[in-house]
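These features come from TrEMBL:
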type: COMPBIAS; residues: 441-458; note: compositional bias 'Low complexity'
type: DOMAIN; residues: 153-417; note: domain 'G-protein coupled receptors family 3 profile'
type: REGION; residues: 433-484; note: region 'Disordered'
type: REGION; residues: 498-536; note: region 'Disordered'
type: TRANSMEM; residues: 153-175; note: transmembrane segment
type: TRANSMEM; residues: 191-211; note: transmembrane segment
type: TRANSMEM; residues: 223-245; note: transmembrane segment
type: TRANSMEM; residues: 266-285; note: transmembrane segment
type: TRANSMEM; residues: 311-333; note: transmembrane segment
type: TRANSMEM; residues: 345-367; note: transmembrane segment
type: TRANSMEM; residues: 373-395; note: transmembrane segment
Amino acid sequence: VLKHLRHLNFTNNMGEQVDFDEFGDLVGNYSIINWHLSPEDGSVVFEEVGHYNVYAKKGERLFINENKILWSGFSKEVPFSNCSRDCLPGTRKGIIEGEPTCCFECVDCPDGEYSDETDASACDKCPEDYWSNENHTSCIPKQIEFLSWTEPFGIALTLFAVLGIFLTSFVLGVFTKFRNTPIVKATNRELSYLLLFSLLCCFSSSLFFIGEPQNWTCRLRQPAFGISFVLCISCILVKTNRVLLVFEAKIPTSLHRKWWGLNLQFLLVFLCTFVQIVICVIWLYTAPPSSYRNHELEDEIIFIPCHEGSLMALGFLIGYTCLLAAICFFFAFKSRKLPENFNEAKFITFSMLIFFIVWISFIPAYASTYGKFVSAVEVIAILAASFGLLACIFFNKVYIILFKPSRNTIEEVRCSTAAHAFKVAARATLRRSNVSRKRSNSLGGSTGSTPSSSISSKSNHEDPFPLPASAERQRQQQRGCKQKVSFGSGTVTLSLSFEEPQKNAMANRNAKRRNSLEAQNSDDSLMRHRALLPLQ
């Protein structure tokens, strides 16, 4: 039929010429009729509202007078002729079961997807580093999150770290200025300098955890933190062990003098720190930490943490540090009865307890946090442990140096050391006397010997020759001291006088003679502890 239509033309019953073009389309003029309802009787009235002239110029073939068009009887508004309305950008068309395909519902695009056109059949997914906006009409870059220098939490941690550096520098300056005073010398001056330097490194290492993580900061911050703390605890361990060896040695031999030597102390610190350095080197060589973008924790946020490379290596690093701290705690507890000037045991014990509490609580906190709070938790642990070590070990000494200079004298140190030696010797002598008395009683013999004549005991009577108050004050002013030690059966009194040879040579000779008699009559324990006095 199409073949014949291309060559067909005729005149219809109305006298109009009908032609078909080469494509089979009808060639002719058309009138556009709008059906109107008659307001009088409701009948249909045909109203011409336009025409189509195929022979006119392009752009002028169709003419419609829209003012004449009426819809649904008498309305000029075009009625909605679809079963579903158009879907706006940010939505897509959804199929309605049991309805034709031309009927649909508009469904919002899910998070991470968008549509920027009307009646979109599907939503497009945003790129990896982008996320859909609130209306799901476009994609915007994801928020990048890390522990920043500019946020309040990062600023607070930075201020605490700077405060720790300042306080440590202040203590180092005080120890340097008063380096020749007895308090500084008695605390092992050189190791104290090294300990303060390690605390400076501890506070400084916390700053590597703040800011956008880079590969070099991720590889530097854990080794810096681990080596700094091991250096710090190694210094405390060697200091505590040195004092304990000095006061526990029966007779100071050449071997003990080697242990007391400064070179060997630094060697022990180096060996303890070298183990941690080896752990860090193996860690960096086998599984170096690096920064990465984490898209999995939250959809619209990109976290930039450090991938530690090996959690086992991190466990070894912290475990070795805690092992040294436990050994240090053991020696500090063992030396808790040493003289007050040398007895840093209670302060070291407190600092190690703070250290353990901080790092034991760090493990569950580190495992349960994510994102930027992982770095924040470790920074808080580093600062808390560092402040605990600094406060417990040095603040008391700085207080004595600056505000109690009367206690920072050689006499105070000597009196404390001599009192400790006397106390140990008295206890040993009384213990030996009790053993001899029990042995004699068991054999039916007489009671044991009394304590050495160098120990003056008074149980229920006072000193028969008390000194006047003025003379007592004068003796105290002449750089002397008097110590009292209480036991179960009485009170033992030790009097020592430290006079300059130029001022009172006779008193000095009498003191030496008295000390010589005491040394001859006391037991080996007294000889052991008095031998340590010149070393201090």
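These residue numbers are counts, starting from 1, taken along the chain as shown.
Positions of Cβ are set from backbone N, Cα and C atoms, glycine also.
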For the transmembrane segment (373-395), sequence-distant contacts whose Cβ falls under 8 Å of one of its Cβ atoms, 6 or more beyond its ends: 146-147, 153, 157, 160-161, 164, 167-168, 171, 192, 195-196, 199, 202-203, 205-206, 209-210, 213, 225, 229, 232, 236, 305-306, 344, 347-348, 350-351, 354-355, 358-359, 361-362, 365-366
Top Cβ-contact partner of the transmembrane segment (345-367) among 153-175, 223-245, 266-285 (pairs under 8 Å): 223-245
The domain 'G-protein coupled receptors family 3 profile' (153-417) [mean pLDDT, rounded to integer]: 83
